Structures are given as structure tokens and as C-alpha cells.
Amino acid sequence: MFCVQCEQTIRTPAGNGCSYSQGMCGKTAETSDLQDLLIAALQGLSAWAAKAREYGIVDHYVDNFAPRAFFSTLTNVNFDSPRIVGYAREAIALREALKAQSLNADANAAVDNPMADLQLVSDDLGDLQRQAAEFTPNKDKAAIGENILGLRLLCLYGLKGAAAYMEHAHVLGQYDNDIYAQYHKIMAWLGTWPSDMNALLECSMEIGQMNFKVMSILDAGETDTYGHPTPTQVNVKATAGKCILISGHDLKDLYNLLQQTEGTGVNVYTHGEMLPAHGYPELRKFKHLVGNYGSGWQNQQVEFARFPGPIVMTSNCIIDPTVGSYDDRIWTRSIVGWPGVSHLEGDDFAPVITQAQQMAGFPFSEIEHMITVGFGRETLLGAADSLIDLVSREKLRHIFLVGGCDGARGERNYFTDFATSVPQDCLILTLACGKYRFNKLDFGDIEGLPRLIDAGQCNDAYSAIILAVTLAEKLGCGVNDLPLSLVLSWFEQKAIVILLTLLSLGVTNIVTGPTAPGFLTPDLLAVLNEKFGLRSVTTVEEDMQQLLSA
């Protein structure tokens with residue numbers, strides 16, 4: 001086992017990465033190794049998908065399957081070894097079909113890729129785990145060095161984050177042939193074990209640029225389907241009655257669940273990154289979407305254990321449900337998996353609803369505590385002139401984007417302390433689950449404009465980017481000249497690709513934490529600092545002073 005993709009990875013003087021019987025996320029060595037095997041199979045599939053496009057052969061099922069299966073290897077998504085192997089088998093079958101079609105078009109069709117002819121050696125998981133050793137990402141570290149390995153992983157993990165957003169967009173009916181062609185090209189190239197530093201750096205920026213397009217179509221899918229989010233108050237306390245909790249990012253799953261629970265007497269609560277759903281008109285119209293439950297994903301083993309109803313996981317992040325003994329009432333959807341828990345293959349939530357009706361639910365309603373969400377792209381752009389007016393009248397000094405992933409590390413209290421230390425004449429724009437560090441606090445307002453503005457899920461960084469570009473255009477300056485600072489927390493691969501997106505757009509002087517990615521060497525961090533001004537957090541006082549004086 002070797003996995004270094006998330007922020008909680010093991011760090012030792014000898015090197016970084018989880019490499020024992022189990023990773024810090026709870027992933028077993030078996031599952032981790034089989035995920036390496038799956039990635040190799042997907043690289044071979046992409047090699048032939050890219051080749052087939054040269055003959056005008058475009059298989060939309062392959063285009064959907066490839067990033068979706070890749071998404072299953074993202075942190076805290078799928079821990080179920082047989083399902084991982086199932087994805088690998090399907091990838092190989094799809095590859096062979098594309099290969100046959102390509103050979104029909106050109107008898108000399110061929111691809112130069114070591115993954116293009118991969119076959120699984122056995123049906124036995126142990127045999128497959130041993131085969132996977134051939135594809136562990138650090139297998140040639142001694143030959144290429146830590147810097148090249150780090151850049152490969154930066155590209156691989158960044159592309160994995162983009163694949164997750166591609167899947168979210170596809171669920172909402174969004175398809176862009178150019179994006180999929182670019183995805184297959186990059187995925188196939190990474191399967192050749194590239195070792196040119198400049199080419200890898202260029203690839204990382206290409207992934208960032210591609211992801212900006214992915215976020216654009218995801219934004220279109222969400223807003224075209226459910227309307228543009230508008231500021232909405234959400235209760236974060238319990239309401240009496242039967243209940244279901246839904247977590248993850250998939251708004252379509254939430255919509256289907258709301259439709260199927262309407263009139264049943266079962267209330268629905270959002271959790272984690274599903275919180276921004278309350279801002280969408282077509283979702284909040286359901287009166288039994290009663291509120292948001294819990295805090296950051298890392299607290300789920302305590303909070304889910306206390307929730308008196310079933311829980312549906314639509315995407316990341318799931319962690320071991322046996323710890324809180326709620327494994328008999330947690331349900332996984334789509335690419336999510338945990339051994340032994342119930343998995344919903346389709347869009348029918350009837351078994352979940354039946355279980356909710358059989359459980360006690362909340363016995364009484366707690367005193368309401370409202371927070372505000374729903375500052376989507378249209379709302380943010382509508383406030384642009386007001387922001388400029390406040391700046392011109394010296395009522396607004398600075399905007400801090402404080403957001404990103406949450407996690408268990410104690411150093412993440414930095415982000416709470418930073419948010420509460422922001423001066424009263426400054427605004428906080430936030431997004432993603434990192435907001436749970438401070439989103440239940442009262443930050444007041446500046447002339448009626450809330451000082452804490454929740455822009456949505458991690459992918460809604462797109463809205464923040466569009467706002468920044470709009471403000472810069474109106475003020476006749478560059479984005480980096482705005483009174484705007486980005487203080488980002490990271491945990492997994494979606495955060496990595498958001499960072500690559502920002503860097504590829506030329507955004508500089510971003511501050512990240514709580515730690516640097518374990519796969520980035522000091523040399524690589526120095527390159528990113530020199531080229532983009534990217535740096536790690538220090539202390540709240542030092543960072544605040546530096547950002548306000550920049």
C-alpha cells in the first residue's frame with residue numbers, strides 16, 4: 001500500500017504516505033492497492049478512448065463511466081474491494097470494445113501505452129492485490145526522484161478531483177465532448193509514467209484550465225435544473241418527526257428523495273456539502289426539507305450515531321459506520337461504498353423511507369437556530385456594484401475567501417480563529433465544508449450586507465471566480481489587484497483541482513493549510529511559491545497583517 005492523496009496521510013521523517021495495513025482514512029491496504037489497479041485499467045481505457053476519437057468513435061457511456069469510476073478512488077468514497085474490482089473489469093471490457101471498433105476503422109490502429117493491454121490475472125482478491133503492486137504510484141521513485149513523483153501525483157490527484165466534478169455535472173445532464181476528449185488524453189498520458197518536470201507542470205495547469213470548464217457546466221446543470229440560489233435561512237436544530245439525513249454533493253439524489261418522501265410524514269435534513277441545497281428554489285419548495293444537521297464530515301461517527309433515522313451518502317465523505325453502530329441504517333449511492341452496508345443501485349429510495357417510518361425520529365422540536373446560505377453566482381454578481389460602492393466609500397476594506405475542506409486535524413482551528421479575527425470592516429466569503437468551522441457564528445453586517453457570505457459547495461468556487469473577474473473588470477484592474485485574499489483549507493483531491501484551477505487562471509498569493517500536501521516536496525513547494533506566491537498558513541496574526549497590507 002502507498003497512498004498520500006489526502007491531508008491526513010501519515011507523515012514521518014522517513015517519508016509521507018500511508019503504507020501499512022490501513023490508511024488514516026480507514027481504507028485497507030487491499031482496497032488501496034486494488035484502487036491502483038483500477039486506475040491503471042482506467043488509463044488503458046482512456047488510451048483507447050482517445051485513439052477511437054481519431055476515427056470519429058465517441059462512446060458516451062465510456063465518457064461517463066471513466067471519470068465516475070475514477071471518482072470511486074477519491075478519499076472517503078468507496079472502501080468496498082469487490083466493487084473496485086468490478087469497475088476495473090468493466091473498464092477493461094469497455095477498452096476492448098473500443099479497441100475492436102478502432103481496428104475495424106483502421107487495421108493498424110495501436111496505442112503506445114503500458115496500460116493499454118492490462119488484464120486482470122485472477123478472480124481472487126489476494127492475487128489481484130499482488131498484481132496491483134506493479135502499478136503502485138511510487139514503484140519507480142528511486143529512479144525518478146521525489147520531485148517527479150510529486151508532480152505526477154499532483155496531476156493524478158488533480159485529475160481525480162476534476163473527474164468527480166465531471167460526474168456531478170453528468171448526473172445533471174451536462175456533457176461537453178471537448179472536456180471528455182481532454183480528460184482521456186491526460187489520463188492516458190499519466191499512464192505512460194511521464195518524467196519530464198516541465199511537461200508535468202504544464203499538465204497540472206491544463207488540468208486546472210479544464211476543471212474551470214467542468215465547473216462551468218456543473219454550475220449550468222445545477223442552476224438550469226434547480227434555479228439560481230438565493231439567500232435563504234436554514235434551521236440547524238431538530239424538528240419533531242420521522243427523518244432522513246442526506247449527505248454528499250448530489251442535488252439530484254436530494255431532489256428524488258424529496259419527491260418520494262413528500263406526503264409521507266418523513267422530514268429530510270441535509271448534512272455536510274448538501275447544506276447549500278437549501279438555497280435552490282426547486283429544492284427549498286419542499287416544506288419537509290426542514291433543516292441541516294451536524295457539522296463537518298469528520299464528526300459523523302458521533303453525529304450520525306445520534307441521528308434517529310436512516311442516512312444516505314451520495315458522494316464523499318463516508319467513514320467507518322461501525323464505530324457508531326449505525327451501519328444498519330446508512331445507505332450508499334452511486335460510487336460510494338462501505339463493506340456490508342446497504343447500497344442503492346437506482347433512484348428508488350423506498351427502502352430508506354420505510355426504515356425512516358419504522359424509527360422513532362426526533363421526539364420534539366428544538367429552539368430554532370437559523371443560518372443563511374444561498375449566495376449563488378447571480379446573487380453575488382447582483383451585489384458587485386454594492387461591494388464596489390462600499391469599497392469606494394471606505395466602508396469595506398477587504399474581502400477574505402475563507403473556505404475549502406474540513407478535517408480532523410487540530411490545527412484546523414486556525415480557520416475558526418482567522419474568521420473570527422477578520423476586522424469589522426471586512427467581509428468573509430466562504431464555501432465548501434470548511435465553513436462549518438465558523439458558519440454558525442454571528443458576524444453581523446456592513447450596511448445591511450452580511451459579513452459572512454456562504455457561496456455554496458466546493459465547486460461553487462466557480463461563482464467566487466466569476467465575482468472576482470467581474471469586480472476586477474468594473475474597477476479596471478486585475479484580479480490580483482483586488483482587495484481580496486484567499487485563505488483555503490484542503491483535505492482531498494477536489495481541493496487540489498480547485499487550487500490548480502485558481503493557479504491556472506493566474507490567481508496568486510493564495511494561503512493554504514493546515515499543512516502542505518504530503519506529496520509535494522520542499523523543492524516543489526518552493527517552485528509554487530516562486531511562480532504563484534503560494535504559501536502555507538503561519539499564525540493568524542502574521543497572516544492577517546500580511547494579507548491586509550498586501
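Each Cβ is built from the backbone N, Cα and C atoms, and glycine gets one as well.
Going by what Swiss-Prot states, the hybrid [4Fe-2O-2S] cluster site holds His249, Glu273, Cys317, Cys433, Cys458, Glu492, Lys494, and the candidate of Cys203, Cys405, Cys477 recorded there is Cys405. The least crowded of the binding-site residues Cys18, Cys317, Cys458, judged by other CB atoms within 10 A of its own CB, is Cys18. DSSP classifies Glu492 (hybrid [4Fe-2O-2S] cluster binding site) as coil under the three-state reduction. Rounded to a whole value, the Cα-Cα separation of Lys494 (hybrid [4Fe-2O-2S] cluster binding site) and Cys6 ([2Fe-2S] cluster binding site) is 10 Å. Shown in sequence order, Gly272, Trp297, Asn316, Ala432, Gln457, Phe491, Ala495 are the same-chain residues outside His249, Glu273, Cys317, Cys405, Cys433, Cys458, Glu492, Lys494 whose Cβ sits within 8 Å of the Cβ centre of the hybrid [4Fe-2O-2S] cluster site. Taking the centroid of the Cβ atoms of Cys3, Cys6, Cys18, Cys25 as the [2Fe-2S] cluster site, the other same-chain residues with Cβ within 8 Å of it are Val4, Gln5, Gln8, Thr9, Gly17, Gly23, Met24, Lys27, Ser32, Thr75. Sorting the binding-site residues His249, Lys494 by the number of other Cβ atoms within 10 Å puts Lys494 first. Nearest to Cys317 (hybrid [4Fe-2O-2S] cluster binding site) in space, judged by Cα atoms and limited to the binding-site residues Cys3, Cys6, Cys25, is Cys25.
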